[in-house]
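Encoded as structure tokens, the structure appears first; notes follow it.
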Amino acid sequence: MGKTAYTINGSTNGPSGGRGEKKLPNDDTKKAPRDDDDKQQQEVSTFRRILPQILASTAKNFLLLDLGMAVAFPTIVIPALRGIKNRAPDEFLHFTPQQASWFGSIAYICQPVGSVLSGIILEPLGRKRSMILVNIPHIIGWFMLHFAGSLEEMYTAAILLGLGVGFMEAPIVTYVGEICQPSIRGILTSCAGVAVMLGFFMVYLLGTVTTWRTTAAICAFIPIATMIAICFVPETPMWLLSKNRADDALKSLQWLRGWVSPKAVEQEFQEMKRYSLHSAKCAICEKSGSTTCQHPPLTEWTKLKELTRKRNLRPFVLVMLFFVFGQLSGLTGMRPYLVQIFQAYGVPLDANWATVSTGLLGLIANIVCMVSIKFVGKRRLAITSMTVTALSCISLSIYAFNTFPPGWTSFDNHPGTSHVTSMGYIPMVLFFMLAFFTSVGVLPVPWILLSEVFPFRNRSLACGITAALHYVMSFVTTKTYFNLESAFSLPGVILFYGVMGIIGLGFVYFFLPETEKRTLEDIELYFSDNKRKLTDIYIPRRNRDEEMVAVVSKLAEKAMEKKGIDNAVFTEGDK
């Protein structure tokens, strides 16, 4: 991993294991092992350091691929069972508009249960084991959908998929945040959005070229492959340290930093141990400055009470409001009904293929997010995407108010098509812009923040509760779409989404801090500062400042050594 910029008092304690160690005669006997260690660290390329983190994140992303498929699945089932598009000749099931709204939203109301439970079971089971077990409900749910013989069975399968999606949230979010280096954490966390949108695109495409039952059967093999892939990645070092498994934590960190020797990760491991000890202290010991905590471990009730502290409440409110405005930006509520909405707008492209295009654009947008987030930052991405989505919704509503007959909704079968004009490409482009920029920043950024902003001590439970409330909001947004469109018409509900997007833009601009290139400790210290104003959105890079001070001090001490001044702090290998 390269020699770290600062060491712990020049100590060489910790596991050894440098390769190629050999003894040299006379005074070089003690120097050779250190030189070989340094040589090995220098030979570990950047690609080798990053590769295992990419592999571990990719295995985790299989879960998100399945999650995207589960969320997108109602989009292809609803038009088929309502007789709008792609209804198989031998299909015997049928949806009314109310039944369709329930099927499109019932999974969301079940996801909070899974999210809260995942936050509770995550600590005793660990991130890796939890990510393996969460696949079981999805395997059952997909096969139930394939063989469904009644609407009740379909609802039951949707509930299982919803529970499975909820179970996934806490282990997914915490895992990637704890295995990655700060310099690439934003990129690898944003890969989650790419995996989700790939799931959307695959389901939309499969639903266009084949039946929804066949699509369900194909989707069932994704969670099976996920269980196999996750077996080959390590548990997070932070969780292992919290369970007093220091040796396993060191091996995990060696794997994640390029399959290196213990010496190559010694400094980072010592920093992790220090952070783990600090996180394990209760509030009383933390305030008193005690170096050790003799109090019993926190119970679940105590952890819930801990969530009321400002260091937890402030990031919770920040992420939760971002989720709310993201849900009300337009696309989430409309997603299960995109096919019929495209038909209502009279876009010049087949409604099914237009939906596939939105999935493809979402996938491309998440790739853009992944590539650009390191350079642009989360804050700029969020502001830009929120601006464009709000303007797209407002433009769509203005177009519809000037084109549609009064009271036009996508749920009604109108006999005439006089509203369809040669200008249909305008709403198509606006919908594509809405889909693209929603996936660039509105949807992925709050999930990225969720993996960073909570203190380690309460991260699992806080992530689970936040994800649960997000899915409650998703249920409300999706379930009420039918009622909102019936009450305000199609252009009216889209105008409402546009106005909410403008309000969300103001919230992001004034209250969202930039967490890119900040360590988890930097972020935790920022939210723990009770004197900081809500509009003070700058997070100091404390660790980097300390590192620079340490570098200068070490260089000065070495310069003094060269002049003949003895310093007992340094080891023989440093001299």
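Backbone N, Cα and C atoms are what each Cβ position is placed from, and that goes for glycine too.
As recorded in TrEMBL, the features of this protein are as follows:
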COMPBIAS  1-14  compositional bias 'Polar residues'
COMPBIAS  19-41  compositional bias 'Basic and acidic residues'
DOMAIN    54-516  domain 'Major facilitator superfamily (MFS) profile'
REGION    1-43  region 'Disordered'
TRANSMEM  62-81  transmembrane segment
TRANSMEM  101-122  transmembrane segment
TRANSMEM  131-148  transmembrane segment
TRANSMEM  154-175  transmembrane segment
TRANSMEM  187-206  transmembrane segment
TRANSMEM  212-233  transmembrane segment
TRANSMEM  313-331  transmembrane segment
TRANSMEM  351-369  transmembrane segment
TRANSMEM  381-404  transmembrane segment
TRANSMEM  424-449  transmembrane segment
TRANSMEM  461-482  transmembrane segment
TRANSMEM  494-512  transmembrane segment
Interface-richest range of 101-122, 187-206, 313-331, 461-482, 494-512 toward the transmembrane segment (62-81), CB pairs under 8 Å: 187-206
For the transmembrane segment (154-175): best-contacting stretch of 101-122, 131-148, 424-449, by Cβ pairs under 8 Å: 101-122
Mean predicted confidence [pLDDT] for the domain 'Major facilitator superfamily (MFS) profile' (54-516): 85
Recorded stretches the transmembrane segment (101-122) and the transmembrane segment (461-482) touching, at least 3 CB pairs under 8 Å: yes
The transmembrane segment (212-233) touching the transmembrane segment (494-512) per 3+ Cβ pairs under 8 Å rule: no
Candidates 131-148, 313-331, 351-369, 424-449, 461-482; stretch with most C-beta pairs under 8 Å toward the transmembrane segment (212-233): 131-148
Spatial neighbours of the transmembrane segment (351-369) far in sequence, C-beta under 8 Å, 6+ residues away: 72, 75, 79, 84-86, 190, 193-194, 196-198, 200-205, 207-208, 338-340, 342-343, 381, 428, 431-432, 435-441, 444-445
Chain residues outside the transmembrane segment (187-206) and at least six past its termini with a C-beta under 8 angstroms from it: 53-54, 57-58, 61-73, 75-76, 172, 176-177, 180, 214-215, 218-219, 352, 355-356, 358-360, 362-363, 365-367, 369-371, 373-374, 439, 443-444, 447-448, 451-452
